Amino acid sequence: MLVLAEYGFAEYVDGSIVPVCLTQADKLWKASYFVLTISLFFGLPLVILIVLYSVIARQLMTRPGLVVTMPTSSALRYRRQVVMMLATVVLSFFACLLPFRAFTLWIILASPEWINSLGVETYYNILYFSRIMLYINSAMNPILYNLMSSKFREGFKRLLGIKCRGDILDRKGTLTTTTTTTTNSCHRKASQESHQLLKRNTIRKNISY
């Protein structure tokens, strides 16, 4: 961008001469640079997202054991939730980056007369909207994960130190199960030792007779 930028003076809308810094695509190599950035930072990532997320979604739907081991209805609902979340991430990436990339490409391909026909106010409104959408994309994914994934919400609450009711119940259930298992194990061990002791006493009596 330092090589592309040009500093100079130009006539403003009120007729005054003002200093400007322009990045015009008035030469072939400059236009090629902008087209290359659009391809590398919009087209290529979009293709990679679609391919990888399609593979993930196919694996989730065809191999349910990769996700969780739970009843069929719950597992199917959870898999659909994950697939919908992945699809929404791809759509949000496309929707947020498309205005800026499309507007940049239009400026490169359009004639100066077309660009001037927009007017200064309309031109900057479109430019600011495109840039805001570009920045929103950087903060969109955590919001989408929070809205669409219950596990993401639970994990985020645990990260903040907020205890979920389900976690407390799980801990109580684990403690009860562990205590019961330990007690039963002790009873079985004591019973086995009593049985072995009775068996040894019986053998001794038989030998003495």
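Cβ atoms are placed via backbone N, Cα and C, with glycine included.
In TrEMBL, the feature transmembrane segment is placed on 128-148, out of the ranges 2-22, 128-148. Distant neighbours of the transmembrane segment (128-148): 81, 84-85, 88-89, 92-93, 95-97, 99-100, 103, 156; these residues of the same chain sit at least 6 beyond its ends, with a Cβ under 8 Å from one of its Cβ atoms. Sorting each residue of the domain 'G-protein coupled receptors family 1 profile' (1-145) by its DSSP state yields 109 helix, 12 strand, 24 coil.
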